[in-house]
Amino acid sequence: MSAKKPLALVILDGYGYREDTASNAIANAKTPVMDALIANQPNTLISASGMDVGLPDGQMGNSEVGHTNIGAGRVVYQDLTRITKSILDGEFQQTAALVEAIDTAVKAEKAVHIMGLMSPGGVHSHEDHILAAVEMAAERGAEKIYLHCFLDGRDTPPRSAEGSLQRFQDLFAKLGKGRVASLVGRYYAMDRDNNWDRVQVAYDLLTQAKADFTYDSAVAGLAAAYERGENDEFVKATEIKAEGQESAAMQDGDAVIFMNYRADRARQITRTFVADFAGFERAAFPAVNFVMLTQYAADIPLAIAFPPASLENTYGEWLSKQGQTQLRISETEKYAHVTFFFNGGVETEFAGEERQLVASPKVATYDLQPEMSSTELTEKMVAAIKSGKYDTIICNYPNADMVGHTGVYEAAEKAIEALDASVGQVVEAIKEVGGQLLITADHGNAEMMVDPETGGIHTAHTSLPVPLIYVGDKAVEFKEGGKLSDLAPTMLSLAGLEIPAEMTGQVLVK
């Protein structure tokens with residue numbers, strides 16, 4: 001069998017394009033490799049946000065959405081848009097799983113607990129959805145409505161939760177029942193790297209009201225956290241309970257509705273509510289009726305309000321049907337993105353698909369190791385290219401995104417420089433074997449490290465376009481106005497393969 005000349009797609013997570021060089025870690029880092037590629041290779045900019053990826057207009061892109069669109073080869077209607085629409089249409093209020101959980105609790109005079117990332121960020125959740133859930137519980141007769149707020153500060157400015165908390169305090173005052181019952185930073189409640197000690201802090205807060213601090217209002221609890229030097233993301237377990245109020249710890253028979261729609265950071269805390277769990281010793285394990293807003297994992301046996309819509313003939317599935325071999329490779333932080341999300345929410349590997357996982361470094365925050373595990377990832381990537389085994393290789397480098405999220409500018413520059421060296425080695429390997437390479441990103445981040453409006457650090461994604469660069473021996477000229485969902489049809493075209501009818505994206509090569 002002759003050695004294959006692979007077509008590789010390298011996704012530089014969080015690597016957007018911004019003309020303004022102020023606080024732009026990508027523009028200011030020393031990047032001889034990327035500079036040379038942009039000067040000498042076919043390249044263009046493509047859209048990775050808003051309506052172009054199935055998000056609301058102007059909404060910044062994110063990794064889940066980006067990889068889903070890239071892999072699908074069509075614009076995929078995102079959960080955020082789907083759920084917002086269902087609320088406006090009145091469908092949300094009739095959703096079977098939600099109705100059943102709330103009505104069962106009401107009938108037994110039990111509490112309805114609503115938990116989720118309390119933020120207008122729109123990446124993992126949206127506070128408008130949480131508001132609709134609170135109103136629905138109240139309308140269906142729930143008297144005890146407890147809201148457990150996971151605070152953001154990552155997809156939103158680092159200290160921006162007060163407006164959201166005030167909004168819910170006002171809502172409960174208007175309803176005359178229910179309250180904000182707890183606060184904790186997403187660092188604890190939404191870990192995705194098996195740091196079970198962090199998750200346990202959130203679990204104990206929910207199930208035992210075990211907290212480091214207690215305050216009589218959510219806004220007061222937040223102010224105290226800021227006094228202690230904690231930004232939203234890192235707020236310690238805080239119980240919100242005024243004199244004479246009963247504990248809001250979850251009890252047998254209560255309903256629990258988890259209002260995050262994005263799976264990767266919702267899985268771990270959700271698994272703590274399943275009988276078969278070994279992450280840590282649970283001091284309390286209330287028998288609650290738990291509803292996931294969307295399916296967080298196929299093996300979690302809990303009710304789902306919005307089951308996944310299946311995608312037929314994604315890039316990975318289509319390659320498999322053509323008898324092609326493919327490799328998916330990344331670090332822990334983005335492994336789910338190049339596998340599960342890229343495959344349209346399918347956990348299992350397709351025939352001919354292999355996966356390689358490189359462990360992300362075990363550091364508290366990635367500014368402490370901005371190169372992350374790029375050296376090892378690149379070694380494996382180069383070996384895969386030269387192995388002659390794969391028709392296609394999909395690789396994600398997380399650095400620009402994960403270090404961009406820390407808000408530490410110097411570290412972001414170092415991350416970009418580490419990436420540049422890695423890309424150089426990948427380019428050399430591709431040229432050596434006569435393969436083809438597309439370099440792109442799933443959304444922006446590190447190109448804006450300071451918020452131009454406030455002058456504060458900017459830790460969130462951006463709505464800016466991302467690069468698309470071609471390396472290979474074909475005479476390629478790109479069309480303008482492309483988007484992420486055009487990548488799969490473009491890759492199939494470059495590989496000389498037929499494009500399935502389901503892929504409505506355009507081929508970006510003229």
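Cβ atoms here come from the backbone N, Cα and C positions, even for glycine.
Remember, predicted model here, so these are calculated numbers, not experimental data.
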Listed co-binder of Mn(2+) 2 (same site as D13, D442, H443, source Swiss-Prot) among S63, S374, S387, S493: S63
Further substrate ligand in Swiss-Prot, beside H124, R154, D155, R192, R262, A263, D264, R265, K334, within candidate set R186, R328: R186
Binding-site residues near S63 (active site, phosphoserine intermediate), in sequence order, restricted to H124, R265, D442 and a 10 Å Cα cut-off: D442
Other C-beta atoms that fall within 10 angstroms of the C-beta of D401 (Mn(2+) 1 binding site): 29
Cα-proximity to D13 (Mn(2+) 2 binding site), 10 Å cut-off, over binding-site residues H124, R265, D401, H405: D401
Neighbours of D401, H405, H461 excl. site residues, C-beta within 8 Å of centre, Mn(2+) 1: D13, G14, N62, S63, A400, M402, G404, H443, N445, A446, T459, A460
Separation of alpha carbons, H461 (Mn(2+) 1 binding site) and A263 (substrate binding site) (Å): 18
